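Student: Quick one: the structure is below, and I'll ask about it shortly.
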Amino acid sequence: MTQSSEHQVSSPTLPTTRAWVTVVAVGVVAAAHIWKLPVALPLLEAELGMSLITAGMLVGIIQLASMVGGLFVAWGGELAGLRRLIMLGLLLLAIGSCLGATTSSTHFMMVFRAIEGIGFLLCTVLAPALIRRICHPAQLNIALSSWGAFQGTATVIGFAGGGLLLELVSWRVLWVVMAAVTIVLLVLVARFTEADPPLPDDKPLRGSFSRILNTVRTWRPWVAGLAFASYTLQWMAVMGFLPTVFVAVDVDRLPAALLSALVGGVNILGALMVATLLNRGFRPRHIINVTFLVMSMSSISFFALDWAANPLGFAGQLACAIAFSMIGGTIPALLTRMAVDLAPQEGSVAAVIGLMQQIFNVGNFFGPAALAWVVTATGTWEASWWVTCSCSLIGIVATFYLTRQPDAPPAGAHTRQEQTALGGGSY
């Protein structure tokens, strides 16, 4: 059977750094559509009359498509081409954002956010596989570590850029601006990335389906998805309501947005540390376990301590949020780097990413609503650490099972140097 095109470089000419940087930018812009909402949430709550739980659903609904469509998108990437579907995803993001700017209905806003969710799914499921296809092996660790930072980068853009823009214009203008930026990136993808290789006329439909099936039959992508979900549920939930939490402790709206941008932005640092840690021989499982422990301790401190009576005051609470996000940034970068090597023989990297995306977006969808439910039920933000610590415990257990018995070397492994960067092929 012919190997999947994602396991091959489509041109004998080495791809330029500009190409994979452009693909990383796709993830940043796609995720910025998620993070344009939290900073505008108080305005939408007032204008559309939403409850806190409804607001939590609005934060999470962009992940709805990713909960059910990851594998279908992976299959589509096998058939139609990774680059083509990524460009379609950018177009859907722009359309959904433009339509959202026109509505005054909570229900229609949910629908238009769901359209954006389909675009987000297409971009983020297929981009890592495209990076692997176009990237030279020597650059793969740094390229995928950079990809792992896309959420943190998007958080800075959404919180800081959105917060500053909302001081001047309405949230509807912010939605239109995001649509325009997305169209610009669509043009850049068309300009700077190689076209998908033509599909052979005799490529059977069932051949691509069998690669998807071979992937979902292996257990490690499922466990990797669970570990990823344990991170994304708590990080999305905390970051989605962080401006609201800051406003609740008497921080003005613009400073709350900028401080939230700082907290989200330091997530980038954790992601970028991963390539260095791997190249120095640190095992991913050790890094992940330490990260979950730090996230637990920092979230307990952030939510449960009475910072008003603490000498450190708000500065101490902010430091806990920074530690939560910065150290947490190692997990998406590590799991993404591991994921591209989890595809079995005759499997699909896009299917691994798609399956993981389906699983962890269950966490993204329910995380904000779960946190809002805990706050509503207890009447305080102080009990929110129940959610974060439960997720960390699940993540540690999932990591143990993911790394205890490595499979045979995956199809498409590039070099011994890559395996050494991952601890000699052992996680």
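Count begins at 1; order follows the chain as displayed.
Using N, Cα and C of the backbone, Cβ positions are placed for all residues, glycine too.
According to TrEMBL, the protein carries these features:
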DOMAIN    19-407  domain 'Major facilitator superfamily (MFS) profile'
TRANSMEM  20-38  transmembrane segment
TRANSMEM  50-73  transmembrane segment
TRANSMEM  85-104  transmembrane segment
TRANSMEM  110-131  transmembrane segment
TRANSMEM  143-166  transmembrane segment
TRANSMEM  172-190  transmembrane segment
TRANSMEM  221-242  transmembrane segment
TRANSMEM  254-275  transmembrane segment
TRANSMEM  287-308  transmembrane segment
TRANSMEM  314-335  transmembrane segment
TRANSMEM  347-371  transmembrane segment
TRANSMEM  383-402  transmembrane segment
REGION    408-427  region 'Disordered'
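Would you situate these features in the structure and describe their surroundings?
Tutor: Sequence-remote contacts of a segment are chain residues at least 6 beyond its ends whose Cβ falls under 8 Å from one of its Cβ atoms, and for the transmembrane segment (20-38) they are 44, 58-59, 62, 86, 89-90, 93, 96-97, 113, 116, 119-120, 123-124, 127, 130-131, 134-135, 139, 143, 146-147, 150-151, 153-155, 157-159, 162, 174-175, 178, 181-182, 185, 188-189, 192-193, 239-244, 260, 264.
Within its own chain, the transmembrane segment (50-73) is flanked in space by residues 33-34, 37-38, 41, 44, 85, 106, 109-110, 113-114, 116-118, 120-122, 124-126, 212, 216, 236, 240-241, 350-351, 353-358, 361-362, 364-369, 371-373, 375-376, which lie at least six positions past its ends and keep a Cβ under 8 Å from the stretch.
The list of residues near the transmembrane segment (85-104) in space but at least 6 beyond its ends in sequence, with Cβ under 8 angstroms from a Cβ of it, reads 23, 26, 29-30, 33, 47-48, 73, 76-77, 112-123, 126-127, 130, 172-173, 175-176, 178-180, 182-183, 185-186, 189-190.
Within the chain carrying the transmembrane segment (110-131), a Cβ under 8 angstroms from the stretch's Cβ atoms is held by residues 6, 20, 23-24, 26-27, 30-31, 33-34, 37, 57-58, 61-66, 69-70, 73-74, 77, 82-83, 85-86, 88-97, 99-100, 103, 140, 143-144, 147, 150, 193, 336, 339-340, 348-350, 353-354, 357, all 6 or more beyond its ends.
Counting same-chain residues at least six beyond the ends of the transmembrane segment (143-166), those with a Cβ under 8 angstroms from any Cβ of the stretch are 20-21, 23-24, 27-32, 34-40, 43, 124, 127-128, 131-132, 135, 173-174, 177, 235, 239, 243, 253-254, 256-258, 260-272, 274-275, 325, 329, 332-334, 336-337, 340.
With a cut-off of 8 Å between Cβ atoms, the residues of this chain six or more beyond the transmembrane segment (221-242) that come close are 35, 37-38, 56, 59-60, 63, 151, 155, 215, 256, 260, 263-264, 267, 288, 292, 295, 299, 321, 324-325, 328, 331-332, 335, 338-339, 342, 351-352, 355-364, 366-368, 370-372, 384, 387-388, 391-392, 394-395, 398-399, 401-402.
Same-chain neighbours of the transmembrane segment (287-308): 227, 230-231, 234, 238, 249, 270, 274, 277, 314, 316-317, 320-321, 323-324, 327-328, 330-331, 334-335, 381-385, 388-389, 392-393, 395-396, 399, counting only residues six or more beyond its ends whose CB sits under 8 Å from a CB of the stretch.
When Cβ-Cβ distances below 8 Å are used as the criterion, the transmembrane segment (383-402) is approached by residues 220, 223-224, 226-227, 229-231, 233-234, 237-238, 285, 288-289, 292-293, 295-296, 299-300, 302-304, 324, 331, 363, 367, 370-371, 374-375, 427 of the same chain, each at least six residues removed from its ends.
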